[in-house]
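Asker: Dumping the structure here so I can ask a few things about it.
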Amino acid sequence: MDDLLEELTADIDANAAISFAVTDLESVIESDGASDHADQPPDEGATQRYTDTPLTDDAVATMDGWLDNDQLHTISDAIVTEHIDEILLLLITVRDGACGKELLQDLRRLFGADLSPGTVYPHLNDLAVEGVLEVQKLSKRKVYRLSDPEGAFTRIDHMVDQLLLFSLVLKAVMTDCKARQSQSQGRETND
């Protein structure tokens, strides 16, 4: 027995990475080892599989400096929720398609936002109903992709322009108020 183990160990590449998720094991256990795609030709089942993936190096490079940024983590969940549609569209673009679980993880990593699936999924469904997103329904999840990237970018660009204008106006009004308050206090001390 020991000789057999040594022989098997010698055949195994120690540097090989073996990866699986608990859900993979659970689905095998529940199905008694039967394939979900046993009734399909081999290639058809392969196109319907989707594996959760971390952000690619290209995606991380796109968002470099933004991920796990302490300053972005100060943005409240309420503000993230208010602009969730545009944020989701950008995250889906960066990933070139994503499932809801990945988007929730990205929101947490980008903004420190602890949003529930009950907050995010209705927005994804609404965007799909509006035709902004295409949905690929798989056995255990949905994968969302932009149906019209240019239209989505136009929508996001418009929203960002409005936010910038709104922020600039608020900043200008606040600066005026502070200046008037300061002048008012200066006159009171001179009197």
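Every residue, even glycine, has its Cβ placed from backbone N, Cα and C.
The DNA binding site annotation in Swiss-Prot covers LYS140, ARG141, LYS142, VAL143, TYR144, ARG145, and the record cites a curator's inference as its basis. Under the heading region 'Disordered', Swiss-Prot lists 31-51. Sequence annotations record features per position, and here Swiss-Prot assigns region 'Leucine-zipper' to 150-181.
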Asker: Restricting attention to the region 'Leucine-zipper' (150-181), give the mean pLDDT.
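Answerer: Result for the region 'Leucine-zipper' (150-181): average pLDDT 91.
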Asker: DSSP says what for the region 'Leucine-zipper' (150-181): how many helix, strand, coil residues?
Answerer: 32 helix, 0 strand, 0 coil
Asker: Using Cβ-Cβ distances, find the residues under 8 Å from TYR144 (DNA binding site) that belong to the same chain and are at least 6 apart in sequence, listing them in sequence order.
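Answerer: In sequence order, LEU88, ILE92, GLY97, ALA98, CYS99, GLY100, LEU103, LEU124, LEU127, ALA128, LEU133, GLU134, VAL135 meet the Cβ cut-off.
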Asker: Here the binding-site residues are LYS140, ARG141, LYS142, ARG145; which one has the lowest number of other Cβ atoms no more than 10 Å from its Cβ?
Answerer: LYS140
Asker: Using a 10 Å radius around its CB, how many other CB atoms surround VAL143 (DNA binding site)?
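Answerer: The answer is 18 other Cβ atoms.
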Asker: When DSSP is mapped onto helix/strand/coil, what comes out for LYS140 (DNA binding site)?
Answerer: coil
